[in-house]
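Enquirer: Structure provided below as C-alpha cells; questions to follow.
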2 protein chains.
Amino acid sequence: MTVTAPQGFEAAGVAVGLKPTGKPDVAVVVNRGPRKVGAAVFTTNRAKANPIIWSQQVIADRVVEAIVLNSGGANCFTGPFGFQTSHLTAEKAAALLEVSAGDVLVCSTGLIGTGDEVFRGKVLEGVEQGVAALSADGGPSAAEAIMTTDTVAKTGAVSRDGWTIGGMAKGAGMLAPGLATMLVVLTTDADLDAAEADAALRRATGVTFDRLDSDGCMSTNDQVTLLANGASGIRPDMDDFVDALTGLCHELASKLQQDAEGASHDITIEVTGAATEAEAVEVGRSVARNNLFKAAIFGNDPNWGRVLAAIGTTAAQFDPYDVDVSMNGVRVCTAGGPDRPREEVDLTPRATHLEIDLKTGEATATILTNDLTHDYVHENSTYAS
Amino acid sequence: MTVTAPQGFEAAGVAVGLKPTGKPDVAVVVNRGPRKVGAAVFTTNRAKANPIIWSQQVIADRVVEAIVLNSGGANCFTGPFGFQTSHLTAEKAAALLEVSAGDVLVCSTGLIGTGDEVFRGKVLEGVEQGVAALSADGGPSAAEAIMTTDTVAKTGAVSRDGWTIGGMAKGAGMLAPGLATMLVVLTTDADLDAAEADAALRRATGVTFDRLDSDGCMSTNDQVTLLANGASGIRPDMDDFVDALTGLCHELASKLQQDAEGASHDITIEVTGAATEAEAVEVGRSVARNNLFKAAIFGNDPNWGRVLAAIGTTAAQFDPYDVDVSMNGVRVCTAGGPDRPREEVDLTPRATHLEIDLKTGEATATILTNDLTHDYVHENSTYAS
C-alpha cells in the first residue's frame with residue numbers, strides 16, 4: 001500500500017547513520033518504466049534548500065528515473081558545498097542505475113544548516129546501499145527512511161480500472177501552504193503523458209496538501225512528486241484519475257495532520273458562503289494561523305470570538321455582524337452574536353470541526369490545522385539540541 | 001508619571017465588580033481644558049468591538065472631553081445591545097460632566113462576547129463612581145483599572161520646555177500590528193491644534209505600537225488616544241513634540257512587550273539593508289510571527305535556519321544566499337551559510353537581539369516580539385474559563 005504498489009516501481013530504505021537513533025534514513029525510489037514521466041510541485045519559500053534547487057532543474061524536462069530522499073539533514077543554507085552534495089547524490093544514483101543524473105530527483109529533510117562532509121559521505125553511502133537493496137516490495141522501508149519527527153510512516157494506495165496509484169509522505173511540523181515540511185512521493189502505473197501528470201498533480205495538491213496548515217510555518221525543503229510509468233498499459237479517464245489521486249493525497253494529508261508535532265486536536269475548518277474560493281481559503285487560513293484560537297482549542301475552550309477576530313484581519317468579503325460559527329455541530333455564534341452557550345460544545349474529541357458561514361456567496365474551502373499545545377512548544381524548542 | 005502628569009487632566013479608577021477579583025475595573029479620564037483636542041488610532045481589524053464603532057464616530061470632530069475605559073469585558077460581538085451600552089456609557093459620563101455625549105470616547109477590554117445587562121449595569125455604575133472620584137492625582141488608579149492579564153500597571157511621562165506628556169497603557173496578549181490588545185491614553189498640556197495632535201500621534205504610533213507584534217493576533221478593541229488641552233500655554237516645536245511622544249510610546253510599548261503573556265524572552269528584531277522601510281517591516285514581522293523561531297528562542301536555541309525560512313516567505317527584495325544573521329551579537333549566519341557555532345550564542349538573558357542584514361538597500365526597521373512558551377499556551381488555553 002505504498003510507492004511500490006503500482007507495477008514497475010522499486011524502492012528501498014537503508015540506515016547509514018544520519019539519524020543518531022540508527023533508524024533508516026536514506027530512501028531510493030526507482031521507476032522501471034516503460035515510461036519515465038515525472039511531475040513535481042515545490043515549496044514556494046524563496047529560501048530553498050539545495051535539493052530543491054537541484055530538483056527544479058531535473059523536473060524541467062519532465063523525465064524522472066529515480067528519487068533519492070534522506071532524513072537527518074535538510075542540506076539547506078549549506079552553500080555551494082551543499083549544492084554539490086545534491087548534485088553528487090544524483091550522479092551517484094545515476095551511475096549505479098545507468099541513467100542520466102539529470103533525471104534523478106533529490107529530497108532532504110531535517111535540521112537546516114546540516115550538510116557538511118560527514119553528511120555528504122553518509123548520503124552517498126546510503127545511495128549505494130539503497131540501490132543495492134531496491135526491490136518491488138521495498139516501499140514500506142522507504143517510507144520509514146524519510147521519517148523525521150513523524151511517529152508513524154505514512155503510506156497509501158488506490159486502484160481503479162486496472163491502474164494503481166501509491167504514495168508515501170513524511171511531515172509532522174512546519175506544515176503550511178505552498179506545501180508543508182513534507183516530502184511526498186506518488187507513483188502510478190497508469191499511462192499518462194507529462195502534461196497530464198503535471199496537471200493531475202497540481203489539481204490534487206491544490207486542494208489537499210496546499211490546504212494543510214498545521215503551524216503557519218513554510219518549509220525550505222518541500223517537494224511532492226508524481227512518477228508515472230504506464231506499466232499497466234491503461235490510459236485512465238483523467239477526471240477519474242484526478243479524483244483517485246486527490247483522494248490519496250487527502251488521505252496522506254490527513255495522516256500528516258494527525259501526526260502533527262505535539263497536537264492534541266485535528267481541526268477541520270470548513271468555510272462556506274464565501275464570495276470566491278480564494279477568499280474561503282484566506283479566511284480558513286487566518287483562523288488556522290491564529291495562536292489564540294489554537295491555544296483555546298487545546299484548552300477545550302470554544303472561544304468563537306477569536307474566530308471572528310481572525311476573520312476580521314482578512315480582506316475577504318463579509319459582514320462581521322452576519323457571520324455564523326459552529327463548533328462540533330453547536331452553533332455558538334449567529335450573525336456575529338452569541339447563540340448557544342459554550343458549555344454545550346464538547347471539544348474533548350481529537351477531531352474538531354469548525355464551520356464558518358460568511359453568508360456572502362456560494363464558494364467553500366476546507367483547511368486542516370492543529371491546536372497549539374505545550375507539546376508543540378516543547379518539541380520545537382528543543383529540536384536542534 | 002501618568003495621564004494626570006500634565007496640567008488640566010483628572011482621572012480615577014474604581015471597582016464595580018466587572019473583575020471577579022474585585023480589583024479596579026472602570027477608569028475615567030477627563031480633560032479640563034482649556035482646549036479639548038483629541039486624536040485617536042484604532043484597530044485595523046474589520047471585526048470591531050462596539051466601543052470602537054462608537055469612538056470612531058466621536059473622534060470625527062477631533063473634540064474629546066473624556067474617556068471611559070473598562071476591563072472585564074470587551075463588549076465585542078454583543079450586537080445592537082452592546083452598541084447601546086457603549087452609547088449609554090458615553091451619555092452617562094456626559095450628563096455627569098455636563099458635556100456632549102458625542103465628545104466622550106469609550107474603550108473596553110476583556111473577553112469577546114461579554115456585554116450583557118449585568119455588564120452594562122456595572123459599567124454605568126463605574127461611570128458614576130468614577131466621575132465622583134476624579135482627581136488630579138487619579139492617574140495611577142486609572143492605570144490599574146484598565147489592567148486585564150497585565151501583571152503591572154504601565155505608565156510614563158515626559159516633560160520638556162514647560163509642557164508634559166503623560167500616558168498609561170494596558171495589554172499583555174494579542175499584541176500585533178494595527179495595534180495590539182492594547183488600550184493607551186496619552187495626555188498633554190502642550191498647545192496643539194487637532195491636525196497637529198493627529199499627525200503627531202500617527203507618527204509616534206507608526207514606529208512604536210505598530211511595530212510591537214507579540215503573537216501575531218490582532219485585537220478587536222485596540223485604541224490609542226491623545227488628548228491635548230494647551231494648559232501649559234506653550235506651543236511646542238512639533239519635531240520636538242513628536243520626538244518626546246515617540247519616546248514615551250516606545251517606553252510604553254516596551255513595557256507591554258516585557259509583560260507579554262507567558263513570555264520568557266523580549267526579542268528585538270532589527271532588520272537592516274532593506275530596499276524600503278516597508279520591506280524591512282515585512283521581514284521583521286514574518287520572523288516575529290514564525291512559531292518555530294519563537295519556540296526555538298524559548299528553548300535558548302539559536303536556530304537561524306528558521307529565521308531564513310521565515311524571510312523566504314516574504315516578497316521583500318533579498319538574496320537568500322547573501323543574508324547575514326546575528327543573535328545576541330554572534331554572527332551565526334553569513335551570506336546564507338553557517339558562520340559562528342551556535343554554542344557561542346547565549347540566549348539565557350530575557351532581552352534577545354536578532355539582527356538581519358538583507359544587504360539590498362539602506363532601509364531599516366525594528367520589530368518587537370516575544371518567544372512562544374508553555375506559559376503562553378497555558379494562559380491562552382484557559383482564558384475564558
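The backbone N, Cα and C atoms fix where each Cβ goes, glycine too.
According to TrEMBL, the record shows the following:
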type	residues	note
ACT_SITE	A:T181	active site, nucleophile
BINDING	A:T148, A:K170, A:T181, A:E261, A:N380, A:S385	substrate binding site
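Thinking about packing and proximity, how do these listed features fit into the structure?
Expert: Shown in sequence order, A:S71, A:T109, A:A143, A:I146, A:M147, A:T148, A:D150, A:A153, A:K154, A:M182, A:L183, A:V184 are the residues of the chain, 6+ apart in sequence, with a C-beta less than 8 angstroms from the C-beta of A:K170 (substrate binding site).
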Enquirer: So which of the binding-site residues is most packed in, judged by how many other Cβ atoms lie within 10 Å of its Cβ, out of A:T148, A:N380?
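Expert: Compared across A:T148, A:N380, the most Cβ atoms within 10 Å surround A:N380.
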Enquirer: Looking at the binding-site residues A:K170, A:E261, A:N380, which ones have a CB within reach of chain B, meaning under 8 Å Cβ to CB?
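Expert: Of A:K170, A:E261, A:N380, the entries that lie near chain B are A:N380.
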Enquirer: Within 10 Å of the Cβ of A:E261 (substrate binding site), how many other Cβ atoms can you find? Include all protein chains, please.
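Expert: Other Cβ atoms within 10 Å of A:E261 (substrate binding site): 27.
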Enquirer: Three-state secondary structure of A:K170 (substrate binding site) from DSSP?
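Expert: Where A:K170 (substrate binding site) sits, the three-state DSSP reduction gives strand.
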